Every structure is written in C-alpha cells, then in structure tokens.
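What Swiss-Prot lists as dCTP binding site is 111, 112, 113, 114, 115, 116, 135, 136, 137, 156, 170, 179, 180, and the listing cites sequence analysis. What Swiss-Prot lists as active site, proton donor/acceptor is 137, and the listing cites sequence analysis.
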C-alpha cells in the first residue's frame with residue numbers, strides 16, 4: 001500500500017470526481033483573515049465542515065444506544081459557528097462529496113489546531129467505493145465550550161492505494177452509509 005501524493009489526488013479529483021468540490025491548493029485566508037486551512041496538501045486533502053451541525057444535549061434524559069438511536073438527544077443547528085458544550089459531542093458533515101475508487105481507502109485525521117484546543121475529530125475509514133458527504137464526529141474534551149468554524153478546514157484525508165483492487169468493496173456489501181447527504185445519524 002502506498003500513500004498518494006498531491007499529483008495523484010488532483011488527477012483523481014479532476015478526472016474521476018473523487019472529491020467535489022475540489023480545491024487544488026491550500027487556502028489559509030479568507031477576506032484577509034486567517035482561517036483553518038483547507039484544500040490539497042502534499043499527501044492529503046483538508047476537507048471543510050459545512051454549516052449543518054447536530055449537537056448532543058441533555059434536555060431530554062436518554063441513553064445513547066447505537067441500535068435504537070433517539071434523535072431527541074440532539075439539536076440541529078445551521079450556522080457558521082457551532083459551540084460544543086464542555087465534555088460534549090457534535091456531528092457535522094463535509095462540504096466535499098467523496099467518491100472512492102475500488103483500490104483506495106482514505107484515513108481521516110484531525111487538524112492540529114483543533115487538537116491543540118482539545119477538540120478531537122473522528123471519522124472511520126472511507127472504504128473502497130464509499131461515496132457521499134462524510135459525517136464528522138467532533139468531541140470537545142475540555143471543561144469549556146469549544147467553537148467549530150463552518151466553511152473552514154476540519155480534518156485531513158490521506159489516500160492509501162492497494163496493490164490491487166479489493167474483492168469486496170463497501171458498495172458490494174451495501175454499506176449502510178453509502179451516498180449519504182448531510183449529517184447522517186447512526187443506523188444498524
């Protein structure tokens with residue numbers, strides 16, 4: 001397996017629509033203001049978070065059960081800023097739509113700027129032939145409220161190419177989160 005370079009990522013985004021919309025450089029400022037960077041990097045792609053968030057709340061006592069997820073434990077917020085309560089959690093989604101090739105898997109890592117503020121971002125791997133907007137999990141590990149900026153970089157995807165295509169892809173297995181649009185809640 002090899003990690004893929006900016007040249008390969010750009011070629012795949014432009015010829016195969018692997019990432020859409022695609023930004024072919026690192027963007028670090030907007031209107032002369034510093035932002036959390038996004039776009040193509042040397043060996044990855046920094047994706048942006050959209051303005052749709054689902055924030056966990058305790059207004060209705062509930063137990064988080066991945067097999068019977070109760071949406072009442074969430075509040076939906078459409079905003080350029082998401083405030084995550086202390087020691088809490090929020091879901092977001094990428095602006096970019098991903099369409100993975102059959103011989104490639106992508107691993108997501110968080111932005112160091114967020115990590116240094118106690119904000120951890122988790123995403124499971126984008127498996128071969130996975131397609132859709134990617135739901136991002138933001139965890140505020142601090143005892144203080146934390147701010148997430150919509151439209152700015154949230155995480156980086158690293159693309160690993162196998163030496164041959166897989167036998168069974170995410171699409172072949174009818175992956176439950178395929179072709180997701182927006183924040184997608186857990187389902188079993």
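Placed from the backbone N, Cα and C atoms, the Cβ positions cover glycine too.
Around residue 137 (dCTP binding site), the C-beta neighbours below 8 angstroms that are at least 6 residues distant in the chain are 89, 90, 91, 121, 122, 123. The binding-site residues considered are 113, 135; of these, 113 has the fewest other C-beta atoms within 10 angstroms of its C-beta.
Contacts of residue 170 (dCTP binding site) defined by a Cβ separation under 8 A and a same-chain sequence distance of 6+ are given as 100, 127, 128, 129, 130, 178, in order along the sequence.
Pairwise Cα distances among 111, 112, 113, 114, 115, 116, 135, 136, 137, 156, 170, 179, 180, the recorded dCTP-binding residues, top out at 33 Å. Secondary structure at residue 135 (dCTP binding site), as computed by DSSP, is strand. Residue 111 (dCTP binding site) has a Cβ environment of 20 other Cβ atoms inside 10 Å. According to its DSSP assignment, residue 113 (dCTP binding site) is helical. Each of the binding-site residues 115, 180 was scored by other CB atoms within 10 A of its CB, and the lowest score goes to 115. Secondary structure from DSSP puts residue 180 (dCTP binding site) in a beta strand.
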